[in-house]
Structure formats: C-alpha cells, structure tokens
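**Q** Have a look at the structure that comes next, please.
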C-alpha cells in the first residue's frame, strides 16, 4: 500500500441489506445488487455497516450476509465487512469470525452509547487490531455514536500496522487535512459524507464510503474517478446534479430514505427495514422522488 496505490479508494458503497416483508434477508436480491455495483464500476462494497442495518442483525446474520456478499462478488470487487460494536469483546468476536471469510478488510465504528474517552477508543481499536491480520478501517461518526475520535487519537492508531485508514464522517473537511498531517500520507482517509465527499477528495481523501451510490452507482464511480484524476470540472458537474439527492437521502434516518429510493428504482423488491426503523413516511416520499428526478434517475 502506498499513497499512489491505496488499498481502498474511489467510490465505495455503504450497501443496503435487502429484506422481504417479513424482515428476512433477501439473498437473491443481494446477489443482484452486487452484480449491479460491479457493472456500474463501484470500487468496493461495505457489507453490513450502518446503511446495511448492522444494529438490528444478529452476529450470526451479520456474518452470513458478509460471507454471501463475498461469495456473490467472486473476487471481482473488494468486500469490506462491518464489524464494529460498542463492546470490545463483541467486536473482537465478529472480527475473528470473519478471519477466513475472504473480506478485504473490516470497518469498525467508534463505540456508541457508552461514550469512551480518547484512551478508551485507542485501547478498543488496538485490541481489535491485535486479534487479526485483516486490514482495519476506523469509523468516526459522532452524530450516531455520541463520541468524536480526535485526529490525535487517529494518528496514534495509525502506528498500528493493520489499521490502514478511517471513514471520517464528521462532515468537517478540515479533518481530512489534519488527519493526513498527523497520521501520514499513506494512511487512507475516506469521506463518510456524500455532501462533502468531493471536497474531501480535493483535500486529499482517497474516496467516499457513500450512501448515494446505492442508487447512483455509475455517477458516483465516475465522479470519484474524475476527482481522483484531478478533473474537477467533470466531477463537479456530476456532484451538482446529485447534491439534492445527497441531502434528501438523510431527510429521515439512514437507511430509511435510500431503501425507499432503491425500491422506487426497482433495485430491491421491498423498502422494508427492521424495527425500530420504519419505512419512509408517505409525506416525505414525493421529496425523495423529486430528488431522484433532479439526479436524472427517474
């Protein structure tokens, strides 16, 4: 891995987990989604992250969905496994179960609800990294976890060999520069915010772990490819068309709007989510539909 050839880069899909009306994972639909993203030029898939409803899948279900995603990919696209938890022991269990699954790496979120200190975050991720040889991507999303992992803590963790990068989802693009300065140019920084993804790449991020690319996969792949090549005019043209969609896919809690949008576009058979998440409110649906039209998807 080097700054010129990072392990993970470009348009990375925060993949939805398709379900039927009974809340069971729809594996035939999942296989079609994997094919769709390969054909569209996506650079990697995150299986069972936040957008994949990791919080309401059991450990056994998490592992099965990830393993099936790897199986469907057939080595044609890297699969990153969502393997985080707010209990270090549970995150270690998940990570160990994925050791021989064929995943390219693991995405591990800052522990949520229990609000660890910076030292607690460091020890949490250090313990996970020490249990595996799999590349680890940190995930900082304070709006969901209630805790913000500071760039200085990220830099400490970057010294651990198999902690290779971070999904940075504060929305503060200045963090990209700060982390690069402290952690070094070979440490991968991936934007976790579609609205600021292009700006993040301009400031040195290697790509975007995106919700939007669930439904605009080719556009997002093209945007990231142009941006990483320095062709910002073409990247800006695509991003401007998608900006309303970037916003409206978070008009209710993620992944509620993106599942409805994927259903509306025929990419999945049902917009069903597991409780406590419910399908997109009827009064909100026209707004998301308008965003799809503005993006040129309808």
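Cβ coordinates are placed from backbone N, Cα and C, and glycine is handled just like the others.
Feature list, courtesy of Swiss-Prot:
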- 139: active site, proton donor/acceptor (ACT_SITE)
- 167: active site, schiff-base intermediate with substrate (ACT_SITE)
- 51, 209: pyruvate binding site (BINDING)
- 50: site 'Part of a proton relay during catalysis' (SITE)
- 113: site 'Part of a proton relay during catalysis' (SITE)
**Q** Might you list, by sequence position, any residue in that chain lying six or more from the residue listed as 'active site, proton donor/acceptor' with a Cβ less than 8 Å away from its Cβ?
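**A** Set apart from the residue listed as 'active site, proton donor/acceptor' by at least 6 residues yet with Cβ under 8 Å, we have 49, 84, 107, 108, 109, 110, 166, 167, 169, 192.
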**Q** Tell me the Cα distance separating residue 50 (site 'Part of a proton relay during catalysis') from residue 209 (pyruvate binding site), rounded to the nearest angstrom.
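**A** Pair distance, Cα basis, whole Å: 11 Å.
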**Q** Applying a 10 Å Cβ distance cut-off over all chains shown, what neighbour count does residue 209 (pyruvate binding site) have?
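**A** For residue 209 (pyruvate binding site), the 10 Å Cβ neighbour count is 29.
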**Q** Counting every protein chain present, what is the number of Cβ atoms, excluding its own, within 10 Å of the Cβ of residue 50 (site 'Part of a proton relay during catalysis')?
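**A** There are 24 of them.
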**Q** Can you count the other CB atoms that lie within 10 A of the CB of residue 51 (pyruvate binding site)?
**A** 22
**Q** Specify the secondary structure state of residue 51 (pyruvate binding site) as given by DSSP, simplified to three classes.
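**A** For residue 51 (pyruvate binding site) - judged by DSSP and reduced to three states - the answer is coil.
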